[in-house]
Structures are given as structure tokens and as C-alpha cells.
């Protein structure tokens, strides 16, 4: 029998000791001390980071918000009814991230990136943090490319550029969501990706929007992020950040994205609810002191990047719901000061049949003018002033009928302008057709057409141009410039000769 030498034994033991590895899995664990209404307070998470993801024993995730001396305030990102006092909550060491990438196109997801459309899981290979710094001054480029909404009153008087933030503001039931849907439909073949964020909407409403987009072939380039009215406040608060994080992935890859937040009033209300439950001190209208920062850090992430970074862009259309047209309330004034202009929708106009109910008097686009195509700039230059003058004269005209010829002509032109700026639901108009009809209007070709026939004149003119002078429309579409004025004039005059008014 072979004997083992003492030296060999010691070297074997030494070898085993050297090879021995132990991994200590240290977990920072806390205990829930209070829970309710989507908020939990936990004790014992001493090293937790602000905004860190935490996991409850039920498997539901939470996010650390209040870091206090003896407890941590946590917003619960999911069903909270199964969480009890005394439950364990542990750190994950990660901050909140959402899945991003082209795999999300055509899908409906919740603010955590989980699918809601019943089409199976979303297989994405990348994630992005929901909070990320906005591009700096040197990373940006001035807005210079147009974003065509397909809505005549907006594209002509309140133009929007790629990389702009344009607020859509108005009372409930004034057609805000309709503008969003029409704008998304109009991005077909425009090399644009759309993200529609529904915050606190009824699930039936979101379902209707998704169905409309599907029927129009617009869902294939759209991501829908939905936090419905039945979801807890923390999910409503997160939804816009999820939407913009998904958009940023495309922007940093040189693509153009349109993000619609419908609407930020509900996000602010959800944030107020969350903050009050977290015992944060209330300010004006019971909103917390940082409600401005809530929206500014979101909307600053919309940008037009410079060419070195790929030249991508995020255009943001935030919605705000006003109460009885009061734009001087807290949240509306905050968002007006953050954005690059606003489109104001008025319920009076809406109910009088002017739809979309855009009030050009107090609507403005601060940077869109430099993005408007030359043809539109040329034909619609005076449209806004003409309309403002008409509204002023309209008030005077009610007092007396003995008006001089020039005033009467202005009133007639104004009536036809208002009529022509009306548009049917989900019928966005290509920019070349908008230019053609606004040219006909501003050059006086509709002055002797009865107001009731203006819309028919418009549709028949488009049919005529498409079949007889399509090269004129093609020229506007491809170059952005007005064709030879004599050609456009001749085409409209030739059409007008054959146009029969209904009273003739």
C-alpha cells in the first residue's frame, strides 16, 4: 500500500484552500411599515438610491421616491392589494428601464413596456432608463424641417417643425385627440415613427384610437403606450417618460419621431395624488413644488439633433385640458412657458361647426416658421392677419348693414376662409393640395363662389388638378416651391370656368 508523504498532504490541502471560492450574496432587505393607494413606506433600506427599482415579496416592483431618515417612500408599479404590512421588500440595484426598439412598432404596451394587445410578449434586445438627460445646447440644431399635420389651419398659420414642442390646449370635447390621430395618419410615407401616450384615458377610447390607426394603416409605424384611468397613479406618472424613452432610441439612430402626450393634465393630477400620499408639502392648487420640473424634464427631451449625432429628432405634442377655456391656470401656464408655441382649441368654435376648432388669434408657433415650406409661406403669409381682421369686422358688422365695399369684400373673404379651413375627421390633406386651395382663396378665385359651395369647389379642384395638372402638385410636393404662377393661375381659371355654383 502506497504511503502519502506528509509534505504531499500539506501541499494538497494548500491547493484545495487556494482553489476554494465562496460568494457571499448580500441583499439589502427592508420591511413594509405602511401601504395603500399605490404607495408603500418601508423601513431598513439604508443604502437605497433615488429612483431605484425595488421588489416586493409578491413579485410586484416599486420605485424609491422619498428617502427619509428612518423610512423610504415607494411608489408601487402594479397591483398593490396583496402587499401587507410586514412584507419583505428588497433592492435590485437597478434604476427603472423600459424595453426599446423597432420590435415595439404596431404594439400597445403599458408604462412598464408589457404588452396589452394580446399579441404575445415583446421580444426586444435593448432597454433604456426612463429618466435620461436631455440633449445639451451643442448637441442640438435649429428646427428647419417641416412636420406636416395634414390640418390646413395648423400647417398654414401655426406650422410645426421636426424637433419642436407644440402644445395642443383646449377644453374637453374640442377635438384634441382627433388632431393627434390625423397627424399620425398624415405621417404615412413621411419616414416618421409615432408614439402615442394615452394617460388616464378610458380603455374604450384607447381601443378606438388603436382601431382607427389600424384601419388607416398607421399602426405599423406607431407605438401606443397606455396607462388607463383604472391604473394606479404611479403608472400614469410614468407613462410619458416611457414614451419618450422609446422615442429616444429611434432619435439617437438618426430617425424622426413624433410623440403625443394625451394628456399631461392627467399626469400632473396623478403626480399630485402621489406626492400628497408621500406626504410632500403641497403648493398652488395642491400641486407639489416640483410639478414644473415634472413637465420641463420630459419636454426638454424633444430635440432636433445635430448632424454629428445623426440628425434625428423628437417632436412633442403635449395636450393640456383647460377648464372653461382658462389658459391662465397653473398647469396650462407652466406648459405654455416650456413649449415652443401652442394651438388653442375653442369650444365655441367647435360647437358653431368650425372643426378643427383652432383659434388662430391666440395660437402661435415660435419656431415653426423657419420649417414651413416656401410654397406655403408664400401663399399663406397674410392668412392669419386676414382672419384676425375678419373676426374684428364681424363684431362690428352685427351693428349695421351699411358697410363700404372694401369692408364687405373683407367680410366675404373671411367667411370663405373660415369655411375652407374646416376639415372632415380623419381626412388629413397633403401639403401640395393645401397650397393649391389656399392660393385659390388668397388670389380671390372663391370671392364669387357661394359660401355653401366652397367645400365642393375645393374637392372638385383637387380632382381636376390630379387628372389634368398633376405635375403642378408633384412640383410642390418634391421641391417645396410654388410652380410657375402663370401655370397654377391658368389651371385654377380653367377649372373655375367649368364649375357650376348650386344657385345657378
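Every residue gets a Cβ built from N, Cα and C, even glycine.
Owing to the predicted nature of the structure, the values given are computational and were not obtained by experimental measurement.
Per Swiss-Prot, ATP binding site is recorded for 170, 171, 172, 173, 174, 175, 176, 177. According to Swiss-Prot, the feature site 'Required for activity' maps to 363, an assignment based on sequence analysis.
Figure note: comparing Cβ neighbours within 10 Å for the recorded positions 173, 174, 177, 363, the maximum is reached by 174.
Spatially close to residue 171 (ATP binding site) yet at least six residues away along the chain are 321, 322, 323, 324, 325, 345, 346, 347, judged by Cβ distances under 8 angstroms. Comparing the binding-site residues 172, 176 by how many other C-beta atoms lie within 10 angstroms of each C-beta, the top residue is 176.
Other residues of the same chain near the ATP site, with their Cβ within 8 Å of the Cβ centroid of 170, 171, 172, 173, 174, 175, 176, 177, are 321, 345, 347, 350, 357. Residue with the densest Cβ environment among the binding-site residues 170, 175: 170, by other Cβ atoms within 10 Å. Between the CA atoms of residue 176 (ATP binding site) and residue 363 (site 'Required for activity') there is a gap of 14 Å. The two recorded residues, residue 170 (ATP binding site) and residue 363 (site 'Required for activity'), have Cα atoms 11 Å apart. On a Cα basis, residue 174 (ATP binding site) lies 15 Å away from residue 363 (site 'Required for activity'). Residue 170 (ATP binding site) carries a strand DSSP state (E or B).
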